[in-house]
């Protein structure tokens, strides 16, 4: 195995290797691999592969032929001197994407992918790997899973491949910082070795896997997740919704299979360091929409109240909601988290900011074009009377709504209500809707004269036509975005060195009245004045 830190592009030229549970074989497309400094390092492991009774001479001839497109004759000769049967040959390249370049351009977060760490092994390999953007790490720094984790994943992969009448439903739950995300990513990669796609239902608002934080989502994952943390991952189609009742909304609007789609099959529950969630334990406990006095019908659980809350059509209510039980599988984790109550929030904040920056990176032009600062991009102009507004996490006076929306992270949503017909706007919603979120953006300015919102978003225009609602929550624009606006002269918009914390609502805690000493530099939690930016 080769344990490393950094980011690179991996192509298997000959043989077969495995990274984070995903098998990469010769002839397959190159894979982007992210072995970040904030988590355990990834390892590229050689795996056994079939050679169909070829001689060593035949294998060398095949490997030499495959290398002609990548190396000159002298380099091929040097490489083939180290050739041995069942070896694997990899091409490691520097990863150049606009998203990665955008993240690295922010000094406060570049350390996640790139670090200049002193080493005593300065040799030709060190410089070769450095030119790619990675460095060799000790094996002890690599990601390690327990035998029970591998055993559970082997069984889940086997069941998923053998299930003919439906698709298994796997629920992973466990306590904080126990390794759930690592287990899920590894399991997804293992499953993608055998099946073409996995539906992933995101229920963790604060620490999302594939999207910016703040929404639940349903994603169809078709590419491996070769990254140890939240950040630049595959971008499958997204479905977003608000928490609580929105779980029901998401299930009702998305999990409505066509007639030729098989029903969901067995439910497999995997838990890490939690109470033993056996069927009898769950049956005796109250749930969000169920009581402990559940009725048993057809050897399953008939959840009448759950069915009523789904707001199904009349023909759907005729078929009762049945859960035919599940198999409980336990993973004993030896993982010791490096987080403490003191540094946990700051660590999680970094992950949330990386997820937001990854999303904003889609605004950048493709490489090799240079990065463009966000204030240099042309925003969309959205009329006041084209969208409704709602601050979902706090009560804001109507006269202060635009102060709260300006320079904020906004959800671009589609509600069922028709908001057209209002002469001027802004249009304010009295309640937070349960709706689809088609994407996210930044309200980078408000033109009061022309009554326009200026929105920066990577959502394509054909999708934006369906947006008729802007929702603002607790997710904020990373401070590094506001503080690292290159090319500006004079005062940077929304940043001040003279900020009065004694003002009601001026604290970073929403609604709190805290008196703090004025710091030398402070990024506004919410901008003091709204204005149109240049």
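One is the number of the first residue shown, and numbering goes on along the chain from there.
Note: Cβ is positioned from N, Cα and C throughout, glycine not excepted.
Database features (TrEMBL):
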- 2-114: domain 'NOL9 N-terminal' (DOMAIN)
- 174-227: domain 'Clp1 P-loop' (DOMAIN)
- 377-478: domain 'NOL9 C-terminal' (DOMAIN)
Helix-strand-coil residue split for the domain 'NOL9 C-terminal' (377-478), DSSP-based: 15 helix, 37 strand, 50 coil
Secondary structure composition of the domain 'NOL9 N-terminal' (2-114) [DSSP: H/G/I, E/B, coil]: 30 helix, 37 strand, 46 coil
The domain 'Clp1 P-loop' (174-227), counted residue by residue under DSSP: helix, strand, coil: 13 helix, 13 strand, 28 coil
